[in-house]
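Below: one structure in structure tokens.
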Amino acid sequence: MLWKLTDNIKYEDCEDRHDGASNGTARLPQLGTVGQSPYTSAPPLSHTPNADFQPPYFPPPYQPIYPQSQDPYSHVNDPYSLNPLHAQPQPQHPGWPGQRQSQESGLLHTHRGLPHQLSGLDPRRDYRRHEDLLHGPHGLGSGLGDLPIHSLPHAIEDVPHVEDPGINIPDQTVIKKGPVSLSKSNSNAVSAIPINKDNLFGGVVNPNEVFCSVPGRLSLLSSTSKYKVTVAEVQRRLSPPECLNASLLGGVLRRAKSKNGGRSLREKLDKIGLNLPAGRRKAANVTLLTSLVEGEAVHLARDFGYVCETEFPAKAVAEFLNRQHSDPNEQVTRKNMLLATKQICKEFTDLLAQDRSPLGNSRPNPILEPGIQSCLTHFNLISHGFGSPAVCAAVTALQNYLTEALKAMDKMYLSNNPNSHTDNNAKSSDKEEKHRK
């Protein structure tokens with residue numbers, strides 16, 4: 001009985017194997033029922049292509065790095081939205097409606113909360129918030145936020161502007177190129193702006209801002225003085241009548257010679273809005289005054305005036321010249337000539353005193369006519385502030401000589417005519433007696 005049961009099992013097993021071989025498919029799942037096999041069953045090797053590929057599900061905090069082609073919130077007035085002219089073709093990607101709504105609502109309310117690594121992929125990265133411009137890490141003063149647009153100087157680079165009703169940017173954040181007047185109350189706040197061409201405020205130039213400090217050339221080593229060179233002074237040195245080139249300007253500013261010294265100087269000037277083309281030729285002849293900055297030239301003129309006022313031997317020169325013209329017949333004529341010369345010198349010094357040429361940080365309003373003022377300004381620009389004060393000091397020394405010469409002539413006349421002195425005393429005594437009566 002047991003032998004027949006064993007034969008039936010073997011016979012059924014052979015039929016199963018034969019059927020599997022004839023049908024062309026392996027009956028592997030049925031073999032797994034036999035406990036004698038040491039191997040486990042394997043899944044069927046088959047691949048069914050699926051046209052609708054579903055991306056894996058991500059939780060809501062995940063932000064898709066690809067831009068969405070369709071925006072359900074396009075009707076919202078977003079100040080950071082791009083103009084249609086700047087839009088780029090974007091690939092079509094299927095999205096999840098529920099997840100996109102939560103993401104778009106989060107982007108509208110927390111636009112600044114995006115991860116730092118996604119900021120470079122945002123096509124709107126060139127548009128910045130005006131709060132960041134006024135209070136961001138640019139070194140801007142707190143008082144700059146209250147400045148109106150007319151209180152800011154012009155910018156070097158213009159921001160391209162495209163009319164778009166979707167862009168709503170306040171006027172206070174737009175900097176336009178053009179001459180703008182600076183008020184005294186806002187000059188300190190504007191001068192605190194760092195000059196950097198890469199930033200939005202890179203073109204802001206304050207003429208009174210210090211460009212650099214230059215050590216004096218005429219001072220002793222024991223008392224070296226430094227003079228501040230403003231942006232306005234550099235602009236005057238690059239403008240007519242001097243028109244300095246990069247080499248001469250570098251020497252005036254005491255910059256060390258290097259291989260790329262001219263290029264670095266031009267780049268530094270370009271940041272403050274001054275253009276210095278390469279290969280430029282100077283317009284004026286180089287003199288010793290060319291090496292002086294305005295501060296040192298004015299200092300030299302002031303010291304020269306002090307020396308002329310205190311040390312010039314006006315009295316000794318007047319007495320010496322009067323002895324050479326001691327003829328009594330010439331004294332009256334000579335005295336009239338001295339008086340006329342003194343009057344001419346006074347008119348000349350009064351004219352120079354009305355000179356209002358720009359110098360240093362000052363640009364006073366002109367008093368003289370434009371024709372004569374332009375000539376005086378030309379002379380002042382060539383001498384860098386030394387010319388007019390030095391001429392006034394020299395003419396003042398001449399006036400002191402004329403005054404001493406008139407005094408010496410009066411003494412000489414009285415010494416040569418003692419009777420006239422007694423007659424004058426008698427006349428004065430008679431007048432006093434009549435006044436007493």
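Keep in mind that glycine also has a Cβ here, set from the backbone N, Cα and C atoms.
Per Swiss-Prot, the feature compositional bias 'Low complexity' maps to 65-74, 88-101. Marked as compositional bias 'Basic and acidic residues' by Swiss-Prot: 428-437. Per Swiss-Prot, the feature SUMO2 cross-link maps to Lys10, Lys177, Lys184. Look at Swiss-Prot and you will find Lys10 tagged as SUMO cross-link. The phosphoserine annotation in Swiss-Prot covers Ser239. Swiss-Prot lists 14-107, 414-437 with the feature region 'Disordered'. Residues or ranges marked as region 'H-S-H (helix-span-helix), dimerization' in Swiss-Prot (evidence: similarity to another entry): 280-410. Residues or ranges marked as motif 'PPxY motif' by Swiss-Prot: 57-62.
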Provide the number of Cβ atoms within 10 Å of the Cβ of Ser239 (phosphoserine), excluding the reference atom itself.
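I get 13 for this one.
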Counting by DSSP secondary structure, give me helix, strand and coil numbers for the region 'H-S-H (helix-span-helix), dimerization' (280-410).
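Summed over the region 'H-S-H (helix-span-helix), dimerization' (280-410), the classes give 97 helix, 2 strand, 32 coil.
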When DSSP is mapped onto helix/strand/coil, what comes out for Ser239 (phosphoserine)?
coil
Which whole number is the mean pLDDT over the region 'H-S-H (helix-span-helix), dimerization' (280-410)?
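The average pLDDT of the model in the region 'H-S-H (helix-span-helix), dimerization' (280-410) works out to 93.
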